[in-house]
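Annotated features in Swiss-Prot:
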BINDING   59, 62, 148, 167, 176  CTP binding site
BINDING   59, 62, 148, 167, 176  ATP binding site
BINDING   71, 73, 125  Mg(2+) binding site
């Protein structure tokens, strides 16, 4: 592979033309940020809350936001000695006062509550935090964010375009976003990669040769060993891995994306074509071509945020696969899709049916005690077809309890280890549909997922 392939300035400029905020966008963002800061201060004064600082953080504050994204993070910091209870009561009080001027508001919860609002078309998080003196002495996880902000702002000047290119490139490779649904690269991690390697081009070339266990320590101050595929030691906290949320698959998808791009640098790596929803006819043709069994477990989507939902869905996906394997069904792959109102866990099997007979092999005949116990268990039992000795061991052919994957899932799924909210939803009712029956699911986003699936 030729890693010396140059990435043309024309290509980078063509991408930046689509993703770099215009002067009008920047002015609007700054005006809204100023308004929000004034609203927070006015709310604090109205509620007689003193000694709070307002700080804009995140990509909007650092000049590394993509055109068309309207996210603002407003941190309301309280003195370090403030109790957690006071922080929540007074911080959320200020946030709710600001929300009176918003188009929409929703309480959310990370380590402690914060408020998400839509204000003049911008998606805004109002986050109370403690004003600690060091990112190594946190009282809550969000307290480190202002330190991240200062570190990036002091080093990113002149490289903002490289960050924008990298973010869009990662989006094109479906690896951008550190939320638990995606398990990819966070914005902060992306910025640190650009700071460390120096440019978009250098980062892509370096990443094309990464291996699991890659470690980057900008400040050379790491204090702990980490086991994740990529370790980016937090410059503000030597014990923390910024890339902890990055899964092995997304790490490897990024490596592959970089390699393919370097072979032939094209705009499609930034803006891939969006797949169309698959139609019934094409799906049925794919089924006929694959000659496998497709199963879909369908249930009502739990009313929880994605960071709560998706770990539970991945847990259910694994539990269903393990259950099928335990009963001798061969699982090819699994996947999850979630929308409103339904969630679907997909499973592809070599076959959805098994014969009535199952072979049970016991210990060698000469291991007398165990061999006789095994023989006594099966000899003459009504669910046994017959027995014989093979390779010196007792063998009995018995009736298989579950001969269809669908029947097994219908009877045993609720006995699997499922997350709390997913279990509650599945317990209300679920359906297992297979093969051509899956055409009953008409949601267009699901049909896009289904196209990728087959």
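Just so you know, glycine gets a Cβ as well, placed from its N, Cα and C.
Positions of the features from Swiss-Prot, shown on the structure.
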{"residue": "59", "record": "CTP binding site", "DSSP (3 states)": "helix"}
{"residue": "71", "record": "Mg(2+) binding site", "DSSP (3 states)": "strand"}
{"residue": "125", "record": "Mg(2+) binding site", "DSSP (3 states)": "strand"}
{"residue": "148", "record": "CTP binding site", "DSSP (3 states)": "helix"}
{"residue": "167", "record": "CTP binding site", "DSSP (3 states)": "helix"}
{"residue": "176", "record": "CTP binding site", "DSSP (3 states)": "strand"}
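The sparsest Cβ neighbourhood within 10 Å, among the listed binding-site residues (71, 73, 125), is found at 71. Listed in chain order, the extra residues whose Cβ falls within 8 Å of the Cβ center of the Mg(2+) site residues 71, 73, 125 are 57, 58, 60, 72, 74, 123, 124, 127.
Taking all protein chains in view, 23 other C-beta atoms sit within 10 angstroms of the C-beta of residue 59 (CTP binding site). When the binding-site residues 71, 73, 125 are compared by Cα distance to residue 167 (CTP binding site), the shortest distance belongs to 71. Looking only at the binding-site residues 71, 73, 125, the one with its C-alpha closest to residue 176 (CTP binding site) is 71. For residue 148 (CTP binding site), applying a Cβ distance below 8 Å and a minimum sequence separation of six or more within one chain yields 57, 135, 188, 234, 236. Across the structure, residue 62 (CTP binding site) and residue 73 (Mg(2+) binding site) place their CA atoms 11 angstrom apart. Rounded to a whole number, the distance between the Cα atoms of residue 71 (Mg(2+) binding site) and residue 59 (CTP binding site) is 8 Å.
Cβ packing within 10 Å was compared across the binding-site residues 62, 167, and the lowest neighbour count falls to 62.
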